[in-house]
Each structure stands twice: as structure tokens, then as C-alpha cells.
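Q: Starting off with a structure, shown below.
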Amino acid sequence: ATWADDSGAATSLFPTPLMWRLGIVVPVVFALIFLLGTVGNGLVLAGLLRPGPSKGSPTNLFILNLAVADLCFLTCCVPFQAVIYTLDSWPFGTFACKAVHLLIYLTMYTSSFTLAAVSVDRYLAIRHPLRSRSLRTSQNAWAATGLIWLLALLFSGPYFSYYWTVQYGRLVLCVPGWEDESRRALDLVTFAVGYLLPMAVVTLAYARTFCFLWVAVDPRSPALETRRQAKARAGRAMLAVAALFGLCWLPHHVVILYFWFGHFPFNWATYACRLASHCLSYANSCLKPLVYALASKHFRKRFRHLCPSHCRSHHHQCLPAQGSGPPKGARYSSSLGLPPLPYLSGPFSPLIDPIPASFMAINSSWSNHVFKPYLPR
């Protein structure tokens with residue numbers, strides 16, 4: 001971290017021992033974010049791209065888009081940001097300085113817009129399941145994804161000219177280059193369009209969704225109520241992802257707003273706040289896969305399909321992969337549970353959408369025929 005005096009000479013902001021400690025801690029933190037996020041989002045991509053009838057469901061396509069945006073951010077932005085916080089000088093040139101900050105805001109806009117689209121998709125799936133069937137198609141999901149990236153590029157494009165390199169003595173710094181009024185206007189637009197608006201859409205959509213689920217209770221139709229509760233669990237999983245995004249990016253925007261409208265001296269305390277807010281916003285990209293794994297049992301099943309050796313033991317055999325039938329004459333113990341059925345593939349088994357228990361309740365004769373060969377004896 002450096003600052004420039006009136007003569008243009010660059011001076012270190014902190015004492016040498018403190019800079020030495022930061023030079024160790026910051027790369028370690030950023031390396032952990034990079035490694036965990038790359039592995040986690042890579043597993044998400046592998047699970048979503050795995051052949052299967054549910055591969056092209058709208059929800060899965062939106063989650064795929066989130067994983068792609070997070071991987072772009074982790075691989076193209078986090079390593080360079082670690083350099084900014086570790087070294088006094090920017091060694092990668094002007095184009096990299098511009099491109100890195102463009103990608104930071106491009107992926108941020110993409111994630112926030114995608115989360116808003118997912119919340120609307122969940123609302124339509126639960127509130128209007130039949131009328132929205134023609135709208136919630138894979139073709140429309142792909143079109144929405146393309147529109148999201150175009151809008152994200154439109155709003156993040158100015159950041160390519162927002163940053164440039166400046167020579168201070170022997171050092172090269174990657175810093176904002178616009179006048180203060182233009183910088184403040186762009187930062188306010190980013191906060192309003194890239195954070196407030198998507199979070200408002202997410203809040204409204206999920207509030208209406210859960211209000212509908214709370215009110216629309218029909219005790220005479222337990223099967224329908226079971227199905228609604230299953231969809232509610234799917235909505236809660238994606239709500240957790242949206243809440244994670246909101247919490248992780250809020251400090252970043254608060255620091256920027258405080259810089260423009262409060263007293264923000266350039267000292268150790270403000271530097272620590274800025275560094276912590278950046279680390280938290282970057283951590284959002286590596287925590288999403290963890291939320292998927294904790295909130296969705298179907299994601300965990302897909303992960304086990306990718307790593308079949310992990311579900312083998314001395315007493316249990318690995319469950320058959322989706323789309324394959326059980327071995328002839330196979331018997332499953334009650335502790336292992338029922339195997340995944342190929343008959344419940346397609347629209348009944350997307351990554352986040354749980355299989356509605358009411359499906360078997362409504363089709364009792366069919367379910368008895370399917371489950372009977374696999375029940376423990």
C-alpha cells in the first residue's frame with residue numbers, strides 16, 4: 001500500500017514489519033478463496049453438465065450461470081487483486097489493470113441479475129405451476145442468461161475506462177482515473193442497479209412465494225400440501241444463496257458509500273475495512289457450492305455420483321447412478337434406504353427441485369409396483 005506526496009514520490013503507508021506480515025497473510029487468504037472456490041464451482045459445473053434428462057431445467061441453467069460467473073471471477077480477478085494488496089507496484093500493465101476491474105463488476109452484475117431471475121423462476125414455479133410451464137423452458141432460460149450477460153456488460157463496461165495505471169516515481173499504480181463527480185455517479189449506479197434492485201426483486205419474490213405457501217394450506221389435500229412444502233425447500237435453498245450474496249457484498253458497498261459521503265481518511269483502520277470488505281465479497285464465490293451441498297440433498301447425490309468411491313464401504317455398496325436400474329436380484333438394507341429410481345428422472349429431479357413426495361402419494365398403485373422389488377426382506 002502506497003501513497004503519493006506533492007512531489008509525486010510514492011511512500012509506503014505502513015511500517016515495514018506490518019507490510020511484511022500483510023505480505024504473508026493476504027496471499028494466504030486469497031489463495032484459500034481461489035482454491036476452495038475453483039474446486040467447489042468446478043464440482044458444481046461437473047454435476048450440472050453430467051448427462052441426464054434434468055440437465056437443461058431452467059433452475060439448473062441459472063445455477064450453471066452462477067458457477068461460470070464465479071469461476072471467471074476467481075480465476076481472472078482474485079489473483080490480480082492479491083497482487084494489489086501485496087505489492088507496492090502493479091506489474092501487469094494498463095490493459096490488465098482495466099480488464100481485471102471490468103471482470104470484477106461484470107461477474108458481480110451477472111450474479112446479482114441471475115439471483116433475481118432465479119427468485120422470479122421459483123415464484124412462478126410455486127405460485128403458477130401450470131400457467132408458467134410454457135414460460136419456464138430451457139430455451140427461455142438460455143435467452144434470459146444471454147440477456148443477463150448483455151446487461152451486465154452494459155453496466156460494467158464503464159469500469160474499463162474507470163481504472164488506469166499511473167507512474168509515481170519508480171512505482172506503477174493501478175488506480176481510478178476519473179474525476180470525483182464521475183466516479184461517485186458510477187459507484188452510485190453500481191450500488192443501485194447491481195445490488196439494491198436485484199436484492200429488492202429477490203426479497204419481494206421470495207416474500208410472495210412464502211406468503212403463498214403459508215396461506216395456501218388445504219388440510220383436505222395432504223398430497224398437494226406435501227408437494228408445496230417440497231417446493232418450499234427448494235426455494236429456501238436458493239434464498240440462502242441470495243442472502244449469502246447480499247451479506248457478502250453489503251460491506252463492499254458500505255465502504256464505498258462511506259468513502260463518498262462520510263469521513264474516510266487513508267489510514268490503517270480504513271485500509272483494514274477495505275481489505276476485509278473485499279475478502280468477504282470474494283469469499284461469496286467460494287461459499288455458494290457449500291450452500292448448495294448443505295441445503296440440497298439432490299446436489300449431494302450428484303456429488304456422490306461424481307465421486308462414487310466415497311460412498312463405498314465394507315458394508316454398503318454404492319448406489320446406482322441416475323438413469324441406471326438396480327442389479328438383478330439386488331437387496332437394499334433399511335439403513336441404506338431406497339435407491340434413486342430412473343422413473344423419477346427428468347422434470348422430477350433437477351438439482352435444487354426436490355422430488356415431490358406427493359408424486360408417490362397420488363400414484364399409490366404405481367409406486368407400490370415400482371418400490372416393491374426394492375423393499376428390504
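Every residue, even glycine, has its Cβ placed from backbone N, Cα and C.
Taken from TrEMBL, the feature domain 'G-protein coupled receptors family 1 profile' covers 40-292. Positions annotated as transmembrane segment by TrEMBL: 24-49, 61-87, 99-120, 141-162, 195-217, 237-260.
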Q: Please work out whether the transmembrane segment (237-260) lies in contact with the transmembrane segment (24-49), by counting C-beta pairs under 8 angstroms that are 6 or more apart in sequence and asking whether there are at least 3.
A: no
Q: List, by number or range, the same-chain residues at least 6 past the transmembrane segment (141-162) whose CB is under 8 A from its CB atoms?
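A: For the transmembrane segment (141-162), the list is 56-58, 61-62, 65, 98-99, 101-102, 104-110, 113-114, 117, 121, 176-178, 183, 186, 189-190, 193-194.
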Q: I'd like to know the mean pLDDT over the domain 'G-protein coupled receptors family 1 profile' (40-292).
A: 87
